[in-house]
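The block underneath contains the structure these notes are about, expressed in structure tokens.
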Amino acid sequence: MTERRYDPTSGEWVTFATHRQNRTYKPKDDFCPLCPTKDESAPTEIPSEHFEIVTFDNRFPAYSIDAPVPDVADSSFYRVLPASGRCEVIVYSDDHSLTFADLPLSRLRMLVEVWIDRWKILGEEAEVSYVMPFENKGEVVGTTLSHPHGQIYGYPNVPPRAQRELEAAAQYLQDTGRCVECDVIAAELEGGDRVIYSNGSWLAWVPFWARFPYEVHVAPKLHRPSLVDLTMDERADFADILSVVAKSYDCLFGFSLPYIMAFHQRPTDSAQDWDPISHFHVEFAPPHRSSDKLKYLAGSELAGGAFITDVVPEMAAERIRKAGALIK
């Protein structure tokens with residue numbers, strides 16, 4: 001059963017996908033469904049013996065183009081809709097032992113092109129309003145397959161956090177005539193104490209309001225609403241800065257740091273002109289607050305939506321910069 005139910009008390013949609021209870025969970029060490037198929041008697045999701053990057057439809061999608069009719073009836077008060085959309089898996093390499101941080105720049109540049117290609121294709125689906133590539137890295141954030149991979153969701157509606165960002169950006173534009181993300185980048189470049197890394201066209205920094213102790217944001221210095229708007233030079237610089245952030249994380253505590261990486265960009269529907277208020281950016285949210293302690297989302301964060309962070313952004317940025325100096 002898959003369906004979306006509307007919460008009239010919050011104005012948000014909740015998706016139910018009961019078949020996902022049966023998805024692969026921590027497979028045996030001698031079999032990985034994302035590795036190349038080596039033995040026809042034990043096929044994986046990928047029939048090729050070798051590959052560079054592969055995308056395919058998630059076998060256990062939360063959203064699908066042919067979403068079934070909901071099990072419960074829709075009403076004027078309790079609204080129910082099909083869980084329409086797309087869910088894809090994107091496998092970064094045929095080498096099971098690698099992580100995102102291990103990928104060479106040539107592969108990351110290819111990955112950027114794949115993200116752009118999938119954004120275009122999924123965004124053209126009538127059922128899709130928002131395309132979000134993301135990666136869950138590490139068991140502590142819920143990863144069930146250790147092979148290097150990410151996902152791409154084509155949502156039927158703009159997700160709540162992205163919606164709030166767009167609404168705040170629209171209000172800021174109305175009040176000032178400027179893009180709020182552009183002004184954030186200008187402020188960080190001027191101050192510099194929260195900057196992690198900067199190249200020709202991109203900036204990585206710990207946000208002034210970081211919700212997680214070692215949260216990092218990455219954005220183009222010029223106003224670009226989505227991945228597809230990046231120039232070729234910006235695409236190359238994007239691969240470079242993602243590599244630096246990922247490698248810096250792995251040097252921070254001396255182990256491969258878990259994180260959630262998510263892309264925020266303009267919606268793909270035509271409900272309005274999104275370009276003036278949407279500034280493409282990537283958010284990294286690692287759950288660690290130290291080498292042996294995790295930042296749990298508990299009562300204040302989950303129940304109240306009020307984040308309490310254990311490390312001030314300026315100190316976090318300094319530590320990540322020092323870690324980045326250890327990159328070989």
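Backbone N, Cα and C atoms are what each Cβ position is placed from, and that goes for glycine too.
TrEMBL lists His149 with the feature active site, tele-UMP-histidine intermediate. Per TrEMBL, the feature Zn(2+) binding site maps to Cys32, Cys35, His96, His147. Taken from TrEMBL, the feature domain 'Galactose-1-phosphate uridyl transferase N-terminal' applies to 2-159. Among the features that TrEMBL reports, domain 'Galactose-1-phosphate uridyl transferase C-terminal' is placed at 167-322.
Long-range Cβ neighbours of His96 (Zn(2+) binding site) (same chain, at least 6 residues apart, Cβ-Cβ under 8 Å): Cys32, Leu34, Cys35, Ser146, His147, Pro148.
Within the same chain, the residues at least 6 positions away from the residue listed as 'active site, tele-UMP-histidine intermediate' whose Cβ sits under 8 Å from its Cβ are Leu34, Val89, Ile90, Val91, Tyr92, Glu135, listed in sequence order. The Zn(2+) site is set by Cys32, Cys35, His96, His147; from the centre of their CB atoms, other residues of the chain with a CB within 8 Å are Pro33, Leu34, Thr44, Leu145, Ser146.
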